[in-house]
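Features as listed in TrEMBL:
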- CYS95, HIS137, HIS141: Fe cation binding site (BINDING)
- GLU138: active site (ACT_SITE)
Amino acid sequence: MIREILVYPNKLLRETSKEVTHFDVHLHTLLHDMYETMVAKEGIGLAAIQVGVPLNVLIINLVDEEGYQTVENLYEMINPVILEKDGLTIYQEGCLSVPGYYDEIERAAHIKVVYCDRDGNRCEEEFTDLMAIAVQHEMDHLKGRLFIEKLSYLKRKKFDKEWKKKQKAGK
Ligand SMILES: CC(=O)Oc1ccc(/C=C/C(=O)NCCc2ccccc2)cc1OC(C)=O
Ligand SMILES: [Co+2]
């Protein structure tokens, strides 16, 4: 079912998520609900904490060349760990927990990740481009960090001002 997405500055988003130890029907239900929620909100990535569940679970489903978001391209990563990262890349990121705000964020261009799939099988993959960015963005959520915390001092001030104005306008 579609779950509520926590929005900044909800304190829960700052929680550090815990390792998954049971690869059971509850995990599979969470993954299903995360997918339904992410697709309904037109997202391409979501971490479990964003639906209020502090577990090391994230999903990413990029759009393909024809512009379709298909389940064939869905990645479900449980207990992900970045083994290597190098290079630098900048991309205008957005987040379903910070709706309507986008900004240039610098991240590693290439990463090597080890994670478990929904059945607990260990997977190891290397990513570049948008997948590398998305994995790093979602893994920050598992540490309670939002992309706006990586903004420069001035850009963060701009964000805070904009955000307050939006909250006042009750948008
Ligand atoms: C108003 C509003 O909510 O705008 C949105 C903002 C963000 C998003 C989705 C962001 C998202 O999926 N981020 C995943 C992390 C990520 C960021 C950059 C590159 C890779 C991965 C969707 C929005 O809604 C619509 C209709 O576009
Ligand atoms: Co996000």
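Just so you know, glycine gets a Cβ as well, placed from its N, Cα and C.
Feature map: TrEMBL annotations on the structure.
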{"residue": "CYS95", "record": "Fe cation binding site", "Cβ contacts under 8 Å, 6 or more apart": "TYR101, HIS137, LEU146, PHE147, ILE148"}
{"residue": "GLU138", "record": "active site", "Cβ contacts under 8 Å, 6 or more apart": "GLY45, LEU46, ALA47, LEU58, ILE59, ILE60, MET77"}
{"residue": "HIS141", "record": "Fe cation binding site", "Cβ contacts under 8 Å, 6 or more apart": "LEU13, SER17, ALA47, ILE49, GLN50, LEU58, SER97"}
Please list the binding-site residues from CYS95, HIS137, HIS141 whose Cβ falls under 6 Å of any atom in ligand 1. CYS95, HIS137
Quick one: what's DSSP say for CYS95 (Fe cation binding site), helix, strand or coil? coil
So for HIS137 (Fe cation binding site), how many other CB atoms are inside 10 Å of its CB? 24
Check: same-chain CB within 8 A of Fe cation site center, minus CYS95, HIS137, HIS141: GLY45, ALA47, GLN50, GLU93, SER97, GLU138, ASP140, LEU146, PHE147
